[in-house]
Amino acid sequence: MGLEMWLRTGLLMAILTGLLMGIGYLFGGPQIAFIMFLFAMLFNFITYWYSDRIVLSWYNARIVDEMEAPELYAIVRSLAERAGLPTPRVAIIPTETPNAFATGRDPKHAVVAVTQGLLRILNRDELEGVIGHELTHIKNRDILIGTVAAAMAGAIMQLAYWARWIAIFGSYDDRDDGGNVLAAILVAVLAPIAAMLIQAAISRSREFLADEGGARISGKPWALASALMKIEQAVRYRPMREGNPATAHMFIVNPFRGMSIAELFSTHPPTEKRIERLRKIAEEMGYVPNF
């Protein structure tokens, strides 16, 4: 699992490097392509070491201590011990859209982030199920590739945004022979596709595995199922408006549901299928599922 994670993370970095070099070549030839190569190396370095901070900053997430969130911290610490993990840091996102995600480069540098809305609508058992799900992502080392993919996809979408403006304003420049405008149009069209490919590197099956892990760590598969239903329903009526859709795969449920651009980044299996699997897990654990 560790080797697979490193290979997939390396592949993502190679894709970004190739994309930036291609853009540089389109706009300025080999010299600009080399400059973009150097920029890509720097970006890859920053992404590996600081992508968790980048993602947390997109949501104004604030790291809290045990004094500020005693019940949440107690749940995280207890379940982390049960999972054989170091206690991750805890962050709270100031939004009423209920959701949660885990980030970081490894279990020793992990953060579990939850929204204010999640703390408001879930009971303790349901919250334990959600935290167990996120801790499983940490234990399975999904967090590095997920966080790196989010940072890279976000950067690529920003490139597409800039390229659209270059294409618009460049078309009014009489000194432009049309080459840069054409290049900008190509970037504007192809960059979102590249972002989707990066998102596709995050397997939807990881959510099923995290659901199972969350159910077993918390010992309450019915509570996780109930939490998923509550979050899904809330997101349908109150999708997240802030943040970056490139991070959708990191959340326990896609928080941008209903926004057209978010569908490009949908990496979650249907919630109904996840709940059905939790029913089977409950039976395996000796419970009679009533959800």
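Glycine too: its Cβ is placed from the backbone N, Cα and C atoms.
According to Swiss-Prot, the feature transmembrane segment maps to 1-21, 23-43, 143-163, 182-202. The feature Zn(2+) binding site is assigned by Swiss-Prot to His133, His137, Glu207. The active site annotation in Swiss-Prot covers Glu134.
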> By a simple count of other Cβ atoms within 10 Å, which of His133, His137, the binding-site residues in the record, is least packed?
Replying inline: His137
> So, in DSSP terms, is His133 (Zn(2+) binding site) helix, strand, or coil?
Replying inline: helix
> Which residue, of the recorded positions Glu134, Glu207, has its CB surrounded by the fewest other CB atoms within 10 A?
Replying inline: Glu207
